[in-house]
Amino acid sequence: MATVERRVQVDPTDKRIHLQPQYEGDVGYGYGYGGRADYKSSGPSSNQIVALIVGVPVGGSLLALAGLTLAGSVIGLMLSVPLFLLFSPVIVPAAITIGLAVTAILASGLFGLTGLSSVSWVLNYLRGTSDTVPEQLDYAKRRMADAVGYAGQKGKEMGQYVQDKAHEAHDTSLTTETTEPGKTRRHT
């Protein structure tokens, strides 16, 4: 069995005590003091190596593209500012045209997203992972029936409220005294 010696070094200017282990064989104390670990410490795993091999070129190329885009934007801005000043009467119609073009591009993207979700729904339907169309129709019918019932109930409540207000207004008109020239009426 290996033994561990501990030697104490004291620095006259330092008031703290430093322990320095001496090793015989491969035994030490604590983590990282020469003891053999139970886990494999042979280096990076194959997943990490593959991620590095794939990630560095992809990340580098994306970083280069970002730099080129930034440089192009700065150069374009430097060239376009004097043109904006010279051709300012043309800029407003151009801005409107660009705004309409951007709106058209966004609408196109929205239509594409709608089409993609429709295709996804069809594929899920064909695979059988979603509800069938009759089940969806039954669910929609139940929801519509609930909505119609709710609207009917609210209509009845509103009709009752209006009727109560009409009776209340009629009752207050009967209990008041009205005096007209030539007649005196009193209702109670």
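Any Cβ shown, glycine's included, is placed from N, Cα and C.
Feature annotation from Swiss-Prot assigns region 'Polar' to 2-51. Swiss-Prot lists A2 with the feature N-acetylalanine, giving experimental evidence as the kind of evidence. According to Swiss-Prot, the feature transmembrane segment maps to 49-69, 74-94, 96-116, an assignment based on sequence analysis. Annotated region 'Hydrophobic' per Swiss-Prot: 52-125, in sequence order, evidence recorded as similarity to another entry. Annotation source Swiss-Prot lists region 'Disordered' at 164-188. Feature annotation from Swiss-Prot assigns compositional bias 'Polar residues' to 172-181.
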Tertiary contacts of the transmembrane segment (49-69) (same chain, 6+ residues out, Cβ under 8 Å): none
For the region 'Polar' (2-51), mean pLDDT (0 to 100): 60
Residue counts (helix, strand, coil, in that order) that DSSP gives for the region 'Hydrophobic' (52-125): 73 helix, 0 strand, 1 coil
